[in-house]
Every structure is written in C-alpha cells, then in structure tokens.
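Quick look at what TrEMBL lists:
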BINDING   Met63, Gly226  substrate binding site
BINDING   Arg138, Ser199  ATP binding site
Amino acid sequence: MSESSQTIAADRDDADVDALRARIRQAAEAVRERTPMAQSFTNFVTINLVANAQLAAGGAAAMSFLPDDVVDTASMSGADYINVGTLLPFYKDALPKIARAFRKTGHQWVLDPVAAGIGSTRTEILRAFRAAPPTIVRGNASEIIALATMWGLISPDDATRPAGVESVDEVEAAVEPAKALARFLAASAPEGEAAVAVSGEADLVTDGATVYRLPGGSPMMAKITGAGCSLGGVTAVYLAVTDPLTAALAATALYDRAGEAADKVSNGPGSFQVAFLDALWNTTPDQIAASEILTV
Ligand SMILES: Nc1ncnc2c1ncn2[C@@H]1O[C@H](COP(=O)(O)OP(=O)(O)O)[C@@H](O)[C@H]1O
Ligand SMILES: Cc1ncsc1CCOP(=O)(O)O
Ligand SMILES: [Mg+2]
C-alpha cells in the first residue's frame with residue numbers, strides 16, 4: 001500500500017471508530033435509562049456474580065434452568081445468555097431446544113462456550129447450536145478456537161488442544177477463528193449482523209470484517225472466577241439495547257475500565273470482586289466510550 005493510501009485507510013478507520021464511540025455511548029446511556037433485562041441459563045459456579053454484574057452494569061437479571069421458563073421469559077427479556085460451564089445430562093436436549101425456540105422467534109442471545117472441546121455432552125450441545133446459532137459468541141481464545149473448529153469453520157490443523165475453563169492460547173491465535181465465527185453468525189442472523197468477543201490480556205472484538213483490539217483491565221480479573229462468565233451476561237444486557245458489534249465492544253470496554261478501577265482500590269481477589277462490582281456501577285457512559293479501540 002502506498003503512503004497516501006495508508007493515510008486514507010487510517011483516516012477511514014478513525015472515522016469508523018468515532019462512529020462506534022457514539023454508538024457505545026448511546027448504548028451505555030440506554031442501559032442506564034431502560035434497565036434492560038437479560039435472562040441467563042448459566043453455570044452453577046458463577047451464577048451469582050453474573051446476576052450481580054448485570055445489575056451493577058445497569059441491567060436486570062433472571063436466571064433459570066427450566067427450559068419452559070426460559071422460553072416463556074424470553075418474551076420479556078431483551079436478549080438471552082447461555083453459558084455451558086456446568087452441564088447436566090438433560091441439557092443435551094434442553095439447550096438445543098431452547099436455541100431453536102429463540103431462532104423461531106428471532107430472539108437474540110449470547111453464547112459463552114466455556115470449556116469447549118471437553119466432554120461428549122458439551123460437544124454435542126455446542127455442535128447443535130450451529131443449526132440455531134447465537135448473535136454473539138464471547139469466550140477466551142481456546143474456547144473460540146475450539147468452537148470454530150467444531151463448527152468446521154477452520155481447519156482442525158489450526159486447532160490447539162482443548163482447554164478447561166482457562167485459556168491455553170493467546171488472544172492473537174484466535175483472530176482468524178473469531179473472524180470465521182463472526183462471518184458464520186452474521187450469515188445466519190436474520191438481521192445479517194453478529195459479533196465475536198475474545199477475552200484475555202488485551203481483548204478482541206470482531207464483526208467478521210474488522211478486528212478491534214481493546215487493551216486494559218487487570219490481571220486480577222483472572223484471579224476471581226466468573227469475570228468471563230459475567231462479561232457474557234453483561235454483553236447480553238447491552239445486546240438488549242443495541243446492535244451486536246456495539247454490544248460486544250461496549251461490554252468489553254466497560255469490563256476493562258472497571259477492572260482497572262477495582263485494581264487501584266483492592267488488596268486481593270476478595271476485595272477485588274467487591275470493588276469490581278462497585279466499579280461496574282460507577283463507570284460512566286463517557287468513560288466507556290472513551291476507551292482505547294485499535295484497528296491495527
Ligand atoms: N491478564 C489480564 N489483564 C487484563 N485483563 C484481563 C487479564 N486476564 C483477563 N482479563 C479480563 O478479564 C475478563 C475475563 O477474561 P478471561 O479471563 O479471558 O475470561 P475467562 O474467564 O472466560 O477465561 C475480560 O474482561 C478480560 O479483559
Ligand atoms: C470454574 C468453573 N468451572 C466450571 S464453570 C466455571 C466458571 C468459569 O468462569 P470464567 O470462565 O468466567 O472464569
Ligand atoms: Mg470463561
């Protein structure tokens with residue numbers, strides 16, 4: 001690329017990011033004004049932190065493991081959240097059934113494919129979601145790589161070994177799998193829009209076309225259980241008020257800013273978790289929208 005076309009591309013990227021910032025601010029304000037409810041079907045380990053984080057971010061929470069509850073409540077819920085961290089045998093039929101019900105009504109949902117690649121039941125459930133996919137997938141790098149492999153979107157040669165709930169891959173290793181997943185989700189979405197968010201030391205969000213990198217947060221976020229799970233729940237709160245790309249960026253940026261604020265005033269994992277909820281509550285729409293968002 002010549003120097004002048006590089007400058008034009010950089011100017012266009014700056015204009016795109018400015019437009020995104022305006023959407024992020026609007027979404028953060030809308031969450032505070034409207035208290036949108038996002039229903040969750042999430043794991044037993046971190047369910048309480050997910051609900052508290054959704055409230056602290058300005059939304060409302062409803063947790064259920066009853067498939068009929070989930071389908072009924074979806075009519076009142078702005079968006080749903082499914083997290084496969086802890087599963088029971090009956091979920092093998094229940095979760096794909098719920099995903100199909102969402103599909104039928106066009107109800108939007110966020111998937112956290114926790115521990116993707118581990119266990120035949122989890123694999124069967126995650127494979128089934130391919131036919132009735134979410135609007136946003138949010139996970140760590142290993143989970144995004146495993147899901148993209150499972151759905152046949154990347155070559156198995158590019159896959160790494162499955163991880164547990166913690167990532168064994170760097171965020172950078174998930175760039176192409178994340179883009180492939182986002183393109184697949186967008187092609188399946190009624191509105192043609194979707195996003196994938198990969199968390200780690202510096203987070204990555206993509207709509208399949210552009211890759212956005214969001215640095216920040218705190219290493220202490222990996223020392224409490226549920227930072228990732230609750231980010232998925234908060235992403236669903238945002239999805240209730242805005243488009244998938246803006247929702248993924250806004251929730252990711254909020255987590256980075258809140259993590260930094262909590263880091264400054266805490267003294268270990270216990271006080272960090274308390275400070276983190278306070279910081280989710282106190283971070284302003286302007287602070288979220290002013291977050292560093294890199295397109296290189
Ligand atoms: N080393 C780190 N530095 C800064 N932020 C981090 C770090 N590790 C995790 N985070 C943040 O913690 C949150 C959860 O990410 P992660 O730990 O990757 O998810 P998971 O718990 O699903 O593996 C994200 O907001 C991410 O930005
Ligand atoms: C520890 C654990 N085990 C099964 S689910 C879960 C929680 C994972 O939470 P996160 O992915 O947010 O760290
Ligand atoms: Mg996780």
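Placement of Cβ uses the backbone N, Cα and C atoms for every residue, glycine included.
Among the binding-site residues Met63, Arg138, Ser199, Gly226, no residue is identified whose Cβ is positioned under 6 Å from ligand 3. Here the Cα atom of Met63 (substrate binding site) is found 18 Å from that of Arg138 (ATP binding site). Listed in sequence order, the residues of the same chain lying 6 or more apart from Gly226 (substrate binding site) and placing their CB within less than 8 Å of its CB are Val45, Thr46, Leu49, Val50, Ala53.
Taking a Cβ cut-off of under 6 Å from any atom of ligand 1, the binding-site residues Met63, Arg138, Ser199, Gly226 reduce to Ser199.
Close to ligand 2, meaning a Cβ under 6 Å from one of its atoms, are these of the binding-site residues Met63, Arg138, Ser199, Gly226: Gly226. The number of other CB atoms found within 10 A of the CB of Arg138 (ATP binding site), across every protein chain shown, is 32. The Cβ neighbour count for Met63 (substrate binding site), using a 10 Å radius over every protein chain in view, is 18. Cβ environment of Ser199 (ATP binding site): Arg138, Gly139, Asn140, Val171, Ala227, Gly228, Leu231, Thr252, Tyr255 lie under 8 Å away, each six or more residues apart in the same chain.
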